[in-house]
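Asks: Okay, handing you the structure first.
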Amino acid sequence: MAGAVSSKGCQKIKGSQIRDLLNAKRFVLFDCDGVIWNGETAVPGAPEVVSLLKQQGKGVFFVTNNCTRPRETYVQKFSRLGFADVAQEEIFSSAYCSAVYLRDVAKVQGKVFVIGGNGVYKELRDAGVPFVEEETDVSGESIYDCPLDSEVKAVLVGYDEKFNFLKLAKACCYLRNADCLFLATDPDPWHPLRGGRVTPGSGSLTAALETATERKATVIGKPSRFMFECIANQFGVDPALALMIGDRLETDILFGANCGLDTMLTLTGVSQMDEAEGYKDSDALEKKNFVPDYVVDSIADFLEAQEED
């Protein structure tokens, strides 16, 4: 890396080290949940950090595997939590990138069967990708007699609070056709909730379908490279000049490694320092890409770094 801070893996940095690292970067990619906010509460200092980086002329992007809301709703959340001037074009969600993939890469000639929520449907609609309209539950309907759409050419799995056996069964039927694409918005297995509870993530639903069909889904969101390719194509981002900041080693940090970016773990979310050090000390080579280059307690540390002489 062409900067004043050398990358050694799992390096806890602060003050001038953070400042030197940021001075060497032109682009900063943030995960959202656990990095700049937790639920409906902004991480202290996060709005100021985003504004500061923009004032310094850096390209700031937000990459999230959360597919439950469309980008326009994300813009509203940023504003509600005190983030100024976040544009829709700077937000790259797994729902949006899935729609881009289906339209521009797969060029799907037919409809998409969706296991997912409103965020996925809205992004598909905005991208002009045809899909099977979400159906209301019909009492007594089963896989034995329910209608199937002959125009379905792809199945897309995302987070779905209304997931049920019939949706799973329909998707299995569509995927018996080897030419039917099998996509997943993201591989996240679970998400933390308040009070110590968790909710199954898109990855859990995808795993059920993979087991039933004996097929593997193409993952669009982190840690797949496609989300970064979307950003790079639209904004000309050089990986060597970009920093990925996340809270989850197995998705955010692996994503950065897969894309050739320097990576930073912030300890305000899911993964903690002991997990990162465990991966660093592991003999398993495949786990080395889970190790962040740098670690900070919070992105609020960026503010203190700029205040130091």
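Note that Cβ sites are derived from N, Cα and C of the backbone, with glycine treated the same way.
Note that this is a predicted model, so its numbers are computed, not measured.
Dumping what TrEMBL says about this protein:
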type: ACT_SITE; residues: Asp31; note: active site, nucleophile
type: BINDING; residues: Asp31, Asp33, Asp247; note: Mg(2+) binding site
type: ACT_SITE; residues: Asp33; note: active site, proton donor
type: BINDING; residues: His191, Lys222; note: substrate binding site
Asks: Which one is it: of the recorded positions Asp31, Asp33, Asp247, which Cβ has the fewest other Cβ atoms within 10 Å in this structure?
Replies: Asp33
Asks: Could you give the Cα-Cα distance between Lys222 (substrate binding site) and Asp33 (Mg(2+) binding site), in whole Å?
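Replies: That separation, Cα to Cα, works out to 13 Å.
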Asks: I'm trying to understand the geometry here, so how far is the Cα atom of Asp247 (Mg(2+) binding site) from the Cα atom of the residue listed as 'active site, nucleophile', in Å to the nearest whole number?
Replies: 7
Asks: Hey, how far is His191 (substrate binding site) from Asp33 (Mg(2+) binding site), Cα to Cα, in Å?
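Replies: Given the Cα positions, His191 (substrate binding site) is 10 Å from Asp33 (Mg(2+) binding site).
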Asks: Pick the one among the binding-site residues His191, Lys222 whose Cβ has the fewest other Cβ atoms within 10 Å in this structure.
Replies: His191
Asks: For Mg(2+), what surrounds Asp31, Asp33, Asp247 with a Cβ no more than 8 Å from their Cβ centroid?
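Replies: Close Cβ neighbours, site residues excluded: Cys32, Gly34, Val35, Ile36, Thr64, Gly246, Arg248, Asp252, Gly269, Val270.
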